[in-house]
């Protein structure tokens, strides 16, 4: 029996399937855990030894890009309406 390359050709069962949280094919079927995001754990899996992976997944890298300007609007108190100068000269 060989335990190297020739044995790998005989493998045909899927160990990982799609994860319902991160969408990657990293959910280990027998372990019932995701190798990428750590599902079903409450906290998302992330490590400091992979700075690049953290950069890919962090807030503001996808649909939450609008959060970049939330901080600026927070500083101004979430003002609404047109700014004072844009209304034209004020005549009383």
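In case you wondered, yes, glycine gets a Cβ from its N, Cα and C as well.
Residue ranges 7-49, 50-92 are listed, and Swiss-Prot annotates 50-92 among them as region 'Disordered'. Residues of the zinc finger (19-37) grouped by DSSP class, helix first, strand second and coil last, total 0 helix, 4 strand, 15 coil. Secondary structure of the region 'Disordered' (50-92) per DSSP, as helix, strand and coil residue counts: 21 helix, 0 strand, 22 coil. Cβ atoms under 8 Å from those of the zinc finger (19-37) belong to residues 44-45 of the same chain, restricted to positions at least 6 beyond its ends. Among the listed binding-site residues, namely 19, 22, 34, 37, the Cβ with the most fellow Cβ atoms inside 10 Å is that of 34.
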